[in-house]
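Structure incoming, see below.
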There are 2 protein chains.
Amino acid sequence: MGGRQTDETLETKEIDIRSLSSSRGHDLPYIHKVGVPPKQNLFDEIKATVKETLFSDDPLRPFKDQSRSRKFVLGVQAVFPILEWGRHYNLTKFKGDLISGITIASLCIPQDIGYSKLANLGPQYGLYSSFVPPLIYALMGSSRDIAIGPVAVVSLLLGTLLQNEIDPVKHAVEYQKLAFTATFFAGITQASLGILRLGFLIDFLSHAAVVGFMGGAAITIALQQLKGFLGIRKFTKKSDIVSVMKSVLSSAHHGWNWQTIVIASSFLMFLLFAKYIGKKNKKFFWVPAIAPLISVIVSTFFVYITHAEKKGVQIVKHIEKGINPSSLDDIYFTGDYLLKGIKIGVVAGTVALTEAVAIGRTFAAMKDYQLDGNKEMVALGTMNVIGSMTSCYVATGSFSRSAVNYMAGCQTAVSNIVMSFIVFMTLQFITPLFEYTPNAILASIIMSAVIGLIDYEAVILIWKIDKFDFVACMGAFFGVVFGSVEIGLLIAVSISFAKILLQVTRPRTAVLGRIPRTNVYRNIQQYPEATKVPGLLIFRIDSAIYFSNSNYIRERALRWLTDEEDRLKEAGLPKIQYLIIEMSPVTDIDTSGIHALEELYKSLQKRDVQLILANPGRVLIDKLHASSFVSSIGQDKIFLTVADAVMTCSPKVAEQV
Amino acid sequence: MGGRQTDETLETKEIDIRSLSSSRGHDLPYIHKVGVPPKQNLFDEIKATVKETLFSDDPLRPFKDQSRSRKFVLGVQAVFPILEWGRHYNLTKFKGDLISGITIASLCIPQDIGYSKLANLGPQYGLYSSFVPPLIYALMGSSRDIAIGPVAVVSLLLGTLLQNEIDPVKHAVEYQKLAFTATFFAGITQASLGILRLGFLIDFLSHAAVVGFMGGAAITIALQQLKGFLGIRKFTKKSDIVSVMKSVLSSAHHGWNWQTIVIASSFLMFLLFAKYIGKKNKKFFWVPAIAPLISVIVSTFFVYITHAEKKGVQIVKHIEKGINPSSLDDIYFTGDYLLKGIKIGVVAGTVALTEAVAIGRTFAAMKDYQLDGNKEMVALGTMNVIGSMTSCYVATGSFSRSAVNYMAGCQTAVSNIVMSFIVFMTLQFITPLFEYTPNAILASIIMSAVIGLIDYEAVILIWKIDKFDFVACMGAFFGVVFGSVEIGLLIAVSISFAKILLQVTRPRTAVLGRIPRTNVYRNIQQYPEATKVPGLLIFRIDSAIYFSNSNYIRERALRWLTDEEDRLKEAGLPKIQYLIIEMSPVTDIDTSGIHALEELYKSLQKRDVQLILANPGRVLIDKLHASSFVSSIGQDKIFLTVADAVMTCSPKVAEQV
């Protein structure tokens, strides 16, 4: 559309404001006709639907009206956003990124070593996963605040799923290979969802279910840490609370190591105190961020000089030196394990994606920049695919580290590059120093980290807002705690789907009344002062009418009518003569819905009640015309507003009374 | 609530009609506050939700305020409705039932013999299934028009599913046993859905998908009849159109039997002509109803005297005499076949239920009586459970026979008893006479019967109303025709679900404008004459805001805003200062939805745009208060109507310009 035409349209379309208030005065009973929208052709209609479903974010908008070479540049920039924002990069921004990069690096190194244990992998694999994936993400990702690396929940999930297939101790090599295979397919899953623009599918995991799942996983992870915390050597492989507590209590007499407990609990207190300081005063956000590294250094030094490892304090012992070796040949592309790898990869990839996208969205909203969900998925997927070839396991956005990153004043994804560089230096030069790090410290660090995943404030809010959501949340939580991560996840997904199905089968309906001193008709349950109009029943359907709910709606309408007539009969008042259906919320109808309306119309005719429709929407009026339902009930039975309908019908009731 | 109290409420609540029209005159800018509904307690809330979901039809209403003995009588009557309507039964009604019962019996006997072939069972089993199940249904069912017995589609489905497991020729005994097992579990499925009040689950099969599936099944069944029609002995076991046509054409030279073809095609023409007469003049509805029986009698007599069976015309040969033997011992309650029986039973039972419920509803709407869906399911389930113990296979409501029943003037389920009695007499005395009935006649009868299942008028209507429904319809149709019944069914179910998911992920949204000379704001795409208000963007969300669509809605709102601002900038007009969201259609919100609103609010603040909500509903305002979203945007930002919001905001825009 050219500029000139727009101007003209505007002139005719936009009204003078002054006419707005004055028009109220001479508001004569003017009844506006319900318009039949201009017919769209079929191809346009289908195109619009597909576009709205898959390209709702309009990703091609910047490409419009551009030269071919410009389109190419834009295309490359779309895949590697760093080329775009990199051009405006400057020293001030780098200062912020440097500080935040160093901060998250100091937080991630001890966490990585601990988390790789949750995945039943050697300590170096956590560090590997904090080296390559953040680099790839920095090139392709568009979030400025996310901190990439291994995270607790995904590590636990991956570890649980993998050890269901292979014993990580007896068949360590196969286990490791399957881990890389799963990581590869996790990346493929994520990237495909993005490329096929099916990213909206992850929206099907409801927020409440995710909160419950995360909380449950945090408890499970904390319980697993009791092994390192108490210095127990023989520990159950199950993750449910009953098995773990049994295992802990049965080894109380001879399995616990008091030296370990002393170290672990004193440092846990230190870490929690650091967390408390950080929370109390936002200025000291760096205190909890570097506390873990300090704990590691102090405790390692302490063990080294006292030789506490000879008193039964377990230490890391061996940690590979040097950067990621290639693992391309380790991935199973054939054989039995291929299918298992795909299965585990799809699950772990989806959960990792849910976490990363939630983090990305949260921080994008806080700084008000747009995030292209599908592009993000491609970036995360590519990063995991490349990661799987360089000895990394599934990496994603870490909530705790991203928050630290944000508070430390990160400006762009360069903070991830800084972190990656520090991890690289650590791998090259410092890893041997971690030899004497006690496992108890790692347990304390993980415990203090996962506490943040238990979002009790969100749970309280969920309880207040939506009881069904609360059930979903608790279901996922108890599923993880008393069952396993898989059971919890399954419960979360099932309840999410049940909610969707319930929503479409049992839509809300309401009887409307007139709000005093206005011409507005509203739900009489919400506005008890609203009054009914004699002889009329005004009924609102709060949903599209589809096959899944059409019968319910028809029956519900007849039930409202029967109830109302019983009441009127008892009170000796005149019977209902008009059923006015307020159609504003009815956004769509399908063939089953039209059938239901036709049946309702027939039933009403038998009862001598006229059917009136108020404000059918654009799609609706189109379809009601196409099915010739309008001509069967009569064009004069359709009104623009309930007020118009009442004004027309009400006098007729009075005549007949 | 007592009578007196109701009266009082009415007096205060119902307004005088005369005040209605006059109030328009002094319609001063009165702005009504958005009410916060009275708080419900938690238990009531959950009770209401459960009641609405599972007891939407209020089945216990008649039991209210009744003595204990009366409740018992009502309870027995609820299980056996015949006890209720039986008391008002009289001779006039019986006349109608007698005539219609005889008519449907004459139609069902030849159909039964043919349909049992589709299920790969002996001809007597079809008759058995028209004897016991109709009797049970007459005692327990509440539809007055449905005609019970074997039907074409279910017979075909059952036959296909069973022969996937066991060869019906080589292992005839096991096949028969599995058929009874499947029938038993089909009944159990149907009854459980009814008892657990989960009947609404069958609403998830969309009308369009059912139309497509039925049409495809009709084609498949007709194609199968080519075997009998052409007198082919060697015929493919597959049911897809390609295999069948290959099989037919490859046997053209030596496999066809011309005598058979002559008999089959002449009687088919006779049957189609009878159908035509019945359709042309409703008075002659009995002509197509008795034509099949006449064909059977004439052709049997003809074959008997000409000994055409020696010329290669295949005949029924053997048909068991006597009524249903017990088959209780034939049902597999243990072993491998148990699980298979359950699986087949669940599928066949659900499809049979869908058909029966659709028929019941159609005729109930035509005569305007209420049908309790869940009670119907219990009746149909019980009938099939008892049927499975008396050598019957899955019976359900037949659409063609029910229509004949209705047109013949049936009054109650007694017409089923009459039919059942005639089938009983047939089994006892007449079956041996069917020995010489040529298979070709049965093929012609089935062909002429299934033509009615191809509902091309419905397909045209579906095309007109909803293109997505049309895709579902065609998907199911081609799935059955080119694949198999199972594939078609799978496609139908998947597309139905996809539609539900699409509905909740991508809700419609619209920009509103003011309709000239009114205070009504409507979709500017539907009403091109509607005008925008300068400085305001009015946006309507047409769906509940749930986790599945909350992100989409937030992004969509920002996209409308960006589009509008781009347009205004280009035209040099003042920018948007208020985003008014019309919330009328938003019936519910969950925690994810609240999050999305909060994020939207933050983004708008960054852009200096005020967020205004118009007419949030009862549930919504409750939850917005609970989450303290209202207090964060401010109570004064919520209006009862868009008109009120515009009236308040618009002058402020003018000031700033």
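Here the Cβ of each residue, glycine as well, is placed from N, Cα and C on the backbone.
Since we're looking at a predicted model, the values are computed, not measured.
In case it helps, TrEMBL gives these features for our protein:
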type     : residues  : note
DOMAIN   : B:526-649 : domain 'STAS'
TRANSMEM : B:146-166 : transmembrane segment
TRANSMEM : B:178-198 : transmembrane segment
TRANSMEM : B:204-223 : transmembrane segment
TRANSMEM : B:256-278 : transmembrane segment
TRANSMEM : B:284-305 : transmembrane segment
TRANSMEM : B:413-434 : transmembrane segment
TRANSMEM : B:440-463 : transmembrane segment
TRANSMEM : B:470-498 : transmembrane segment
Could you break down the residues of the domain 'STAS' (B:526-649) into DSSP helix, strand and coil, giving a count for each?
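Across the domain 'STAS' (B:526-649), DSSP assigns the residues as follows: 63 helix, 21 strand, 40 coil.
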Using Cβ atoms and a strict cutoff of less than 8 Å, what residues sit near the transmembrane segment (B:284-305) while being 6 or more residues removed from its termini?
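Residues 103-104, 106-107, 109-111, 263, 267, 270-271, 274-275, 277-278, 313, 315, 404, 407-408, 433-434, 436-438, 440-441, 444-445, 448-449 contact the transmembrane segment (B:284-305) from elsewhere in the chain.
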Which listed stretch (B:146-166, B:204-223, B:440-463) has the most C-beta pairs under 8 A with the transmembrane segment (B:178-198)?
B:146-166
Are there residues at least six beyond either end of the transmembrane segment (B:440-463) with Cβ under 8 Å to its Cβ atoms? List them, or say none.
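Result: 110-111, 113-115, 117-118, 152-153, 208, 211-212, 214-215, 217-219, 221-222, 225-229, 231, 260-261, 263-265, 267-268, 271-272, 275, 292, 295-296, 299-300, 313-314, 316, 399-400, 469-470, 473.
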Below 8 Å between Cβ atoms, which of the listed ranges B:146-166, B:256-278, B:413-434, B:470-498 makes the most pairs with the transmembrane segment (B:204-223)?
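Ranked by Cβ pairs under 8 Å, first place goes to B:470-498.
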So which residues does the transmembrane segment (B:146-166) touch in its own chain, when a touch means Cβ under 8 Å and the partner is 6 or more beyond its ends?
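For the transmembrane segment (B:146-166), the list is 104, 108, 111-112, 115-116, 118-121, 126, 129-130, 133-134, 137, 174-175, 178-179, 182, 213-214, 217-218, 220-221, 224, 237, 239, 337, 340, 344, 347-348, 351-352, 355-356, 359-360, 363, 383, 393-399, 401-402, 404-405, 413, 415-416, 419, 446, 449-450, 453, 484-486, 489.
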Along the domain 'STAS' (B:526-649), what average pLDDT does this model show?
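Mean per-residue confidence for the domain 'STAS' (B:526-649): 85 out of 100.
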